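Everything below concerns the one structure shown next.
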Amino acid sequence: MWKSVIYLFVLLLGVIRAEDVKDLRNNEVSIKGRLELSEIDISAYMIPRCSFRLYQIGNYSADKPFHQITRIKDKNGTFEFNHVPINHGVNESTYFVMTPSSRDFNLLPQRVLVEVTNIFNETTGKVEQQLKAFRNYFGREYFPSKDIHFPDKLEEMDALPYISIKMSKMLPFRDYLQQRNVGLLQSGPLAGILNSKWKIAAVITLLALMTFPYLVEKLDPETARAMKEEARKKQREKYVVKEE
């Protein structure tokens, strides 16, 4: 009798696992992320200038690897990859690589290895997906060769409730279009003077010294004559020989 009960229990457990694996074939997951720009507010202008790419690596059950590009959904910086397929079977892992891209910022991490593993929960009797994320950089392998004794391990990062992407620094301004025929005020000696505050100040001072005598002569002729007379007097004194 006990053998029959145990046999039925094992059979029932196998049926449950088989049903879970069967349902898993059409199972899909969503991978969520968030762009954090510290004190910079995410504007409507910035949303289309940031994108996030997810592509599948390693073994995959479909004819070709999964690939999807998404953008920021709101001003909080949240983004999401929907209908992401996973491999069949319990304890099977599916791997994806997520790369952020922005026209305005350098974002970190540069690449994120996402691991989705099917875990059988004995308490609920259902198959659940375990999500992990690992920080990666250009030039480092996702899966090191087994011949390497001490391979570099990827640093694990928080994957729940979302994968955090942060700003490293602002990108420099890039002027892709350059005007071929520029004016005199944009290139040449005159442009060099206009683009320098010190040169402009020197030119203004020189013009003021040159025009000052003419302005005084027009506005106050008597003062102008007195100044000229004083200048002649000093000039004559240079050639006067003092008698002993």
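Cβ atoms are placed via backbone N, Cα and C, with glycine included.
These figures come from a predicted structure and were not determined experimentally.
As recorded in Swiss-Prot:
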- 1-18: signal peptide (SIGNAL)
- 19-199: topological domain 'Lumenal' (TOPO_DOM)
- Asn59: N-linked glycosylation site (CARBOHYD)
- Asn76: N-linked glycosylation site (CARBOHYD)
- Asn91: N-linked glycosylation site (CARBOHYD)
- Asn121: N-linked glycosylation site (CARBOHYD)
- 200-216: transmembrane segment (TRANSMEM)
- 217-244: topological domain 'Cytoplasmic' (TOPO_DOM)
Per the Cβ filter (under 8 Å) with a sequence gap of at least 6 from its ends, the transmembrane segment (200-216) is approached by 193-194, 223-224, 227
Between Asn76 (N-linked glycosylation site) and Asn59 (N-linked glycosylation site), how many Å separate their Cα atoms? 34
Overall pLDDT of the topological domain 'Cytoplasmic' (217-244), taken as the mean: 71
For Asn59 (N-linked glycosylation site), nearby residues of its own chain (Cβ under 8 Å, 6 or more apart in sequence): Asn87
Determine, to the nearest whole angstrom, how far the Cα atom of Asn91 (N-linked glycosylation site) is from the Cα atom of Asn121 (N-linked glycosylation site). 11
Tell me, by DSSP, whether Asn91 (N-linked glycosylation site) is helix, strand or coil? coil
What count of other C-beta atoms do you get within 10 angstroms of the C-beta of Asn91 (N-linked glycosylation site), across all chains shown? 9
Residues that sit under 8 angstroms from Asn121 (N-linked glycosylation site) by C-beta distance, when 6+ apart in the chain: Val127, Glu128
